[in-house]
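Feature annotation from TrEMBL assigns domain 'Thiazole synthase ThiG' to B:17-258. Look at TrEMBL and you will find B:Lys105 tagged as active site, schiff-base intermediate with DXP. For B:Gly166, B:Ala192, B:Gly193, B:Asn214, B:Thr215, the entry in TrEMBL reads 1-deoxy-D-xylulose 5-phosphate binding site.
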Amino acid sequence: MKKEREHRNDHMVYLPDMEILDSDIEKRVIERMNSYDYDSYTAKDVKMALGHERCTLKDFEAFLSPAALPFLEDMARKAKFETRKHFGNSIYMFTPLYISNYCENFCIYCGFNCHNHIRRAKLNEEQIETEMKEIAKSGLQEILLLTGESKKMSDVKYIGEACKIARRYFSVVGLEVYPMNSDEYAYLHECGADYVTVFQETYNSDKYETLHLAGHKRIFPYRLRAQERAIRGGMRGVGFAALLGLDDFRKDALATGYHAYLLQRKYPHAEIAFSCPRLRPIINNDRINPMDVHETQLLQVITAYRLFMPFANITISTRECARVRDNLIGIAATKISAGVSVGIGDHQKEEEARGDEQFEISDGRTVKEVYEVIKNQGLQPVMSDYIYV
Amino acid sequence: MNRDIDQITNKKDTFTLGGHEFNSRFILGSGKYSLDLIKAAVEEAGAQIITLALRRANQGGMANILDYIPKGVTLLPNTSGARTAKEAVRIAHLAREVGCGDFVKVEVIRDTKYLLPDNQETIKATEILAKEGFVVMPYMYPDLNVARDLVNAGAACIMPLGSPIGTNKGICTKEFIQILIDEIDLPIIIDAGIGRPSQACEAMEMGATAIMANTAIATAGDIPTMASAFKMAIESGRKAYLAGLGRVMDKGASASSPLTGFLQPTDN
């Protein structure tokens, strides 16, 4: 391990094949995050922010501060109002499909990391089609394709072929794969994909460096500019996320929101989405780490995202349990996955075609079950609100 | 103004779009509803036209919006999702292919935050689609020059926005919409931003031909009742417009000593 550390490359220096964008967004996000002193916000700031019709950046900072916690109910009410105003009763449904779990990165918190001895698998085109056929039977029309981050084992062409197959079975194709150059995004857009999500994990580059020890993912600025390259490549929408709890979640949430905000300002046609994954705290252990992200803090972040960018989609993952997810769609989340499997090749007959999961899910309900839950809340499950042009 | 006099004497008080005659001046959006409430909303609203985002009209599968729209209602597919004229044209073609008829509401939006229409691209799309025989209903930001260009491009009506979509703020663009009502000979249908029946009524009093609403009804506590309230407000505003609004006293309009008092009864 020590030897490995000595040989680690500089995480701020681009590798030779990486496109370098001329953009000041990264600099602005990092500066704002570094200067964010959340303890300086008071109840008065939060009350003022709640009274504003439009949420300023300072309001967003107030909503993310500890001073906002006693106002969570008010924030949730305001968030619900904004969500319904912009989305009506619609709740979008989708499912992720992992097509490969090979990974070249060494991210110490991830189940797919290259040093973990898990069953690796990569579906071939025929197997991808089998999986998609099965999923499409559920009535879903949106699919999110995921791979481990290995350009060698799942190259751009392979992902492109998966997109082409997906277009035959689904209206909406999203990607959650390794960051790439804008011409590669353009190619995948041509193949049928239109949405790209990249989790930055943490916006604190020093922390990032200690968690991502090897691989392409180690290059912090290349990852941070992925969404901008995706938009330049012609993608319609981009998704943002920090893995809350990896570092100071308040700062990471601020950076995530501000990152999305600046990008939408620069590319006003881009559709914006947030995901809100968190590292679950160890139960009954909150004295050890005051920065743990419990459900309360998660709700604070999600409502703050909603109030800051009321038009953005917010996805709520199956890492959260049914109770939390069902309530969040009534407040701020607009997108929910269902019938989720995070392993590889669940619909394959041969055992050897299957690969292990990235993480454990907490909501294993079927599409039909989630559909009914949405309807029972007086909301409308929507399978597709999209047209490929 | 002659058309108004005609309409007062026309007991049916209809208007036409692309050669089709309509009684109802309430166009219903369908985008933000729980699907099983659409039918009741249409019925209570007495709407004859309902918009339909083609991107929501998914083929087959669960929750196909087309299954929920009552028969006999004119479908007005919109091009939402289009960011350019070219994309709007493509979506209109798709709508025609799936049998949505020749009506199309052109929406070109390349701003995901405010969803404001792009007037320039809207003119381009209108021109192309009108030439292809579509009944084009363009959604636009109320600008007189653009409205004139849309008339020349072959639009069937003009659909200016009252305020940003979904905001329920009413007719923030009132003065500019009034100019369109006064100057443009096509039907003016006010779209977006109308949040309550009183605002719909106000739009009709101004002389709008019809109004379109979606969010206000879709997010109401009791959808069918709100649809019915809008219907009544629209009819009421329309009647007031046709009747001719009473004398409105502006500040200082009635001076105590007449300004014309100096005139001699007989001119020597």
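Each residue, glycine too, has its Cβ placed from N, Cα and C.
Here the features listed in TrEMBL are painted onto the structure.
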{"residue": "B:Lys105", "record": "active site, schiff-base intermediate with DXP", "Cβ within 10 Å": "28"}
{"residue": "B:Gly166", "record": "1-deoxy-D-xylulose 5-phosphate binding site", "Cβ within 10 Å": "26"}
{"residue": "B:Ala192", "record": "1-deoxy-D-xylulose 5-phosphate binding site", "Cβ within 10 Å": "28"}
{"residue": "B:Gly193", "record": "1-deoxy-D-xylulose 5-phosphate binding site", "Cβ within 10 Å": "24"}
{"residue": "B:Asn214", "record": "1-deoxy-D-xylulose 5-phosphate binding site", "Cβ within 10 Å": "23"}
{"residue": "B:Thr215", "record": "1-deoxy-D-xylulose 5-phosphate binding site", "Cβ within 10 Å": "24"}
Chain A neighbours, filtered from binding-site residues B:Gly166, B:Ala192, B:Thr215, Cβ-Cβ distance under 8 Å: B:Gly166, B:Thr215
Pairwise Cα distance for B:Gly193 (1-deoxy-D-xylulose 5-phosphate binding site)/the residue listed as 'active site, schiff-base intermediate with DXP' [Å, integer]: 17
Near-site residues: 1-deoxy-D-xylulose 5-phosphate, ref B:Gly166, B:Ala192, B:Gly193, B:Asn214, B:Thr215, CB cutoff 8 A to centroid: B:Gly29, B:Pro164, B:Ile165, B:Thr167, B:Asn168, B:Ile194, B:Gly195, B:Ala213, B:Ala216
Model confidence over the domain 'Thiazole synthase ThiG' (B:17-258), averaged pLDDT: 88
Residues B:Gly166, B:Ala192, B:Gly193, B:Asn214, B:Thr215 binding 1-deoxy-D-xylulose 5-phosphate per the record - widest CA separation, whole Å: 9
Assigned element (helix, strand, coil) containing B:Thr215 (1-deoxy-D-xylulose 5-phosphate binding site), judged by DSSP: helix
Pairwise Cα distance for B:Asn214 (1-deoxy-D-xylulose 5-phosphate binding site)/the residue listed as 'active site, schiff-base intermediate with DXP' [Å, integer]: 14
